[in-house]
């Protein structure tokens with residue numbers, strides 16, 4: 001698989017469903033890290049992912065600690081509105097993990113401070129918004145990665 005999409009503590013089922021559909025369409029693997037702001041059986045999650053949900057390559061972790069322990073050898077980059085580098089500059093490679101935070105607050109400070117050299121953002125051209133919708137942000141980064149890897 002070319003890329004791994006990681007959602008740390010996702011809160012909104014529609015976003016997670018859309019990202020699940022994106023992961024299938026892009027050939028990426030989806031990693032979901034609990035706690036969630038919804039039940040995995042939530043109808044809104046399934047509706048956003050349509051009938052594709054059963055085909056998604058997905059792994060669910062009970063905590064951030066479990067995710068990082070099980071993937072300690074993985075190459076990861078972290079996406080945050082607090083990133084100092086542009087997503088255009090991510091060193092994409094097969095099996096790269098793209099780690100995104102929750103919709104309301106992004107990645108926790110404990111993660112961003114520990115991974116400053118691997119912290120990226122999508123440039124915004126308006127001072128009136130803090131960030132993009134997570135499903136849109138994941139789409140932008142994943143398809144930039146696929147473009148670079150082709």
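A Cβ is built for glycine as well, from the same backbone N, Cα and C atoms used for every other residue.
Keep in mind that TrEMBL annotations are predicted by a computer and have not been checked by a curator.
Cross-referencing 30, 32, 79 with the S-adenosyl-L-methionine binding residues that TrEMBL gives (101, 122, 131) picks out 79. Model confidence over the domain 'tRNA/rRNA methyltransferase SpoU type' (3-143) is summarised by a mean pLDDT of 93. Residue 122 (S-adenosyl-L-methionine binding site) is surrounded by 18 other CB atoms, counting those within 10 A of its CB over all protein chains shown.
Counting only same-chain residues six or more apart in sequence, the Cβ atoms lying under 8 angstroms from the Cβ of residue 131 (S-adenosyl-L-methionine binding site) belong to 81, 106, 124, 137. Helix, strand and coil counts under DSSP for the domain 'tRNA/rRNA methyltransferase SpoU type' (3-143) come to 56 helix, 31 strand, 54 coil.
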